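Colleague: Straight from Swiss-Prot, here's the annotation block:
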DOMAIN    38-262  domain 'Radical SAM core'
BINDING   53, 57, 60  [4Fe-4S] cluster binding site
BINDING   97, 128, 188, 260  [2Fe-2S] cluster binding site
C-alpha cells in the first residue's frame, strides 16, 4: 500500500463506515504487507516521577487539579530505573519507556534524564521517554544521549481538545513533535478514545496523525480508564468494536507505524485483544501498571501470546548501535 500524508477526513470516514469484517480484513492485509505476521513489539513503561502535574488533563489521576487520591512520588533513583529496565528486558520487552508527570522538564532535571537514557541504552534496549513539552535544545540533548523515541500524544481531535485540556494548546503538542523530528528522534504519538468524544473526533485525531509530514513510528490507541476524582470518572464506556475500528483505520492510513495497545487493555478479554491484533495492532505495553493505571501483567500477556501463537519482537539495532559494532569489530 502506498504511503500517503494527504488523507482527507472524508476518506477516513468512509473507512470507518465499512462493514466491520471488511474493515478488519483490509487492515490485516495492509499489516502483512509491511510487518511480520504474528509478531508483537513489547514495551514496558515506568513512572520516574509521579503526581502533582500542573496540567489539567481531565482524564489523568496525576493532575494536581483533581482529588484522585493518588500518592505523589518524587523522582526515583537512576539505579532503580536501571533495575526495572533489566527486569523488563528479561521479561521480553524490547523497549523501555520512562514517563514523568511534568508540564515540561526543567533544566535541573536534564542531567538526571540524560543519565537514565544512556544507562538504559547501554542495556541494549530501545529507549523512549514522555516528559511533557520539550524545547529544541532539550530534544537535541535527549537524542545525543541515545533516546530513540519520544512520546507526546495529541490525545483527541483539535475540535474536541479544549473539552479535555486547557493548560496547553493543541499546537503546543504539535510543536513538541516538530522539535523531536528535527532532533532526529522517532515519534510516538496517538490518543485516547472514550473521552466522551464523537466518531467525528476520532476521525479528526487520526486525520491529524496521518497528515503529519512523517507518520509517527508508534501510534498508541488508548482506551480511557475512568479514575475516581477526575472529571471523566463517570463517562460512558466506549464500545469495544468502535475501539477496534479505530485501530483498523489507523493501520490502513499509517501502514508503516506500529499501532500500540495501551491504557485500558486490562479490562479487555482475550478475544477483544485478538480482534485488535487482527485489526493491525502490533505493539503493546506489558507489565502490571501503566504509569498509575492497572495493566495486564506479564504472565497474562505471555499466556495470551502462547494461546494466539504470537512472538515478541527483538530490539532493532539503531544507527548508533551499528556504529559501535563497527568500531569494535
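Glycine residues also receive a Cβ, built from the backbone N, Cα and C atoms like all the rest.
Owing to the predicted nature of the structure, the values given are computational and were not obtained by experimental measurement.
Just tell me what is around each of these and how deep it sits.
Modeller: If you draw a 10 Å sphere around the CB of residue 60 ([4Fe-4S] cluster binding site), it holds 25 other CB atoms from the protein chains shown.
Taken residue by residue with DSSP, residue 188 ([2Fe-2S] cluster binding site) is part of a strand.
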Colleague: Measure the Cβ-based neighbour count of residue 53 ([4Fe-4S] cluster binding site), defined as the other Cβ atoms within 10 Å of its Cβ.
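Modeller: There are 21 of them.
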Colleague: At a 10 Å cut-off from the C-beta of residue 128 ([2Fe-2S] cluster binding site), count the other C-beta atoms across all protein chains.
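Modeller: Residue 128 ([2Fe-2S] cluster binding site) is surrounded by 24 other Cβ atoms within 10 Å.
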Colleague: Using the Cβ centroid of 97, 128, 188, 260 as the reference point for the [2Fe-2S] cluster site, which residues of the same chain not in that list have Cβ within 8 Å?
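Modeller: Not counting the recorded site residues, we get 43, 45, 95, 130, 149, 151, 218, 220, 285.
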